[in-house]
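In Swiss-Prot this protein carries:
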type	residues	note
ACT_SITE	E424	active site
BINDING	F124, W125, Y126, I127, F128, M129, Q130, Q131	ATP binding site
BINDING	H423, H427, D499	Zn(2+) binding site
TOPO_DOM	28-107	topological domain 'Extracellular'
TRANSMEM	7-27	transmembrane segment
TRANSMEM	108-128	transmembrane segment
Amino acid sequence: MNDNNKIIRSMVLYLLIFIAIYAMVQLYSQSTEPITDIDYGQLIKYIDANQVKSITLVGNDVKGVLKNGTEFKSRVPDVTNFMSFVNPYILQGKLDFKSEPQVGPPWWVQMLPSLFLIVIFIIFWYIFMQQAQGGGGSKVMSFGKSRARMITDKDKRVTFNDVAGADEEKEELQEIVEFLKYPKKFLELGARIPKGVLLVGPPGTGKTLLAKAVAGEAGVPFFSISGSDFVEMFVGVGAARVRDLFDQAKKNAPCIVFIDEIDAVGRQRGAGLGGGHDEREQTLNQLLVEMDGFSVNEGIIVIAATNRPDILDPALLRPGRFDRHITVGIPDIKGREEILKIHSRNKPLAPDVSLQVLARRTPGFTGADLENLMNEAALLAARRGLKQITMAELEEAITRVIAGPEKRSRIMSEKDKKLVAYHEAGHAVVAKLLPNTPPVHEVTIIPRGRAGGYTMLLPEEDKYYMSKSEMMDEIVHLLGGRVAESLVLNDISTGAQNDIERATNIARKMVTEYGMSERLGPMTFGTKSEEVFLGRDLGRTRNYSEEVAAEIDREIKRIIEEAYKRAESLLKENIDKLHRVAKALIEKEKLNGEEFEKVFNGEDIEGVQFA
């Protein structure tokens, strides 16, 4: 970048010098003597009054001297008429006349404007080329140079000690480390180490971190590049960059080449429709050739990461290229505790902080979520002027990560406050009464994010499957807010829009994907289609009749109506509990899990006066 700035500064300096020379030439080419400029009519009057001593005609321009010694110049519109007028004066000797051929400026002065335009064009072309390359490279034509960043031992090393919650994944990758450290042990047994390792998993699970840890453990050079860095607006650039990347890797073997977000370049090749795909496909073809082209034990291992394995080209996934696929999943409770330990190393924690409790309260959190959680807690503690992070900040950070920051400044009318209170109380009371829902962790009518209020349920353990009864209870819980509005306020609001949408989606999946409908049986309705324009972007197409479609709609409607009636029955039987929770929310605005349990069981809590 500094080299680019130097080049641009030099070009600007030369341009300024060029402009200065051009201006000096223009000034030099003009006469510096003061000459009076008169119009054509005044010139005729002077000649007629015999006040002109001499004139010189150069083209249409007239220069002359008056009898009082004043020099002048003028422009003649019609030379023929002018000569007809002055001829008598010349013949009578009253006027000295001289005619000179018109002489233009030197040829090199005439070329200066054209040269100026050429220089301007070259500068703009250079800037355009630099931008087309994304600013990379110090040479105009360095399109084909790889943008991979090489990390060596001099940089801060990441090891497996910095990775937690992925024990099985580390075991799989340990073989790669062993091969890079002690290749002879494998070669003597005729083993072929995988050429490529594909790390698959949701965003934030630590795929990039694992790749860095492999390089750090093996102590070999690590080339890091994003899939999007290959593709440019010019066809052929991506393929050239792939070649250059592997040329660099061969020079530094044994090494690791890490391609992050490989789906940007490795997307399924289409049928040639839609346009705009040639550059990406050429890049992918070159990548396929390079991965299957270098010799078997050259010591180059390609690690790639993606969260969209479904759209990758099959040729990329076959044995011999990415022949080892490692799924990096969401950590379990033990993994979350280990991750929290890593991210709390440099943070002073208060004695009341229990990372085990935090791990239990964060099911579904990825490693990135947990890092963000610890950072949010540290920011909250700093904002409150604390020297240590307490459990209160961590609890608040969990809620911030899940639902967003509180919006206490938003002013709500009493009517809206009552509506939100009964809506959230309906969710909480129904969740408490259902056998298959997690315990209530927090209920609030303080807006967070895009929600006017929320009821947070926190599972006590990780769940990987859901039964039919659990899904039905989830739908009942989602409809609890709408039912409470209808029962108490005799009106319904738009606040249940997201609840109804989620409930309908669950019911539709129960019928069309999970085969949980007794009437339709264990069948899947609708097939996943592979859109040729988008490169295997998943959609659903109907493979059933209109009659079956109507039956699906009836089944979804039946499930929703049954859940609605069940929620209505539960709230009618426990209407006093609903009123107590709503009153507590109106007065206190927020109830934690312990306070909710007390209110639900008829006990008093601080800050709320029950009649």
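Every residue gets a Cβ built from N, Cα and C, even glycine.
Projection of Swiss-Prot feature records onto the structure.
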residue	record	Cβ contacts under 8 Å, 6 or more apart
F124	ATP binding site	none
W125	ATP binding site	none
H423	Zn(2+) binding site	G453, G481, R482, A484, E485, S493, G495, A496
E424	active site	V443, T444, I445, G453, Y454, T455, G481, L585
H427	Zn(2+) binding site	V443, T455, H477, L478, G480, G481, A484, D499
Inset, instruction - Tell me the Cβ neighbour count for D499 (Zn(2+) binding site), meaning other Cβ atoms within 10 Å of its Cβ, over all protein chains shown. - result: 19
Inset, instruction - List the helix, strand and coil residue totals of the topological domain 'Extracellular' (28-107) as derived from DSSP. - result: 25 helix, 25 strand, 30 coil
Legend entry - Integer average pLDDT (0 to 100) for the topological domain 'Extracellular' (28-107): 80
Inset, instruction - Around the Cβ of Y126 (ATP binding site), how many other Cβ atoms lie within 10 Å? Please give the count over every shown protein chain. - result: 15
Legend entry - Non-site residues, in chain order, whose CB comes within 8 A of the mean position of the CB atoms of H423, H427, D499 at Zn(2+): E424, G426, T455, L478, L479, G480, G481, R482, A484, G495, A496
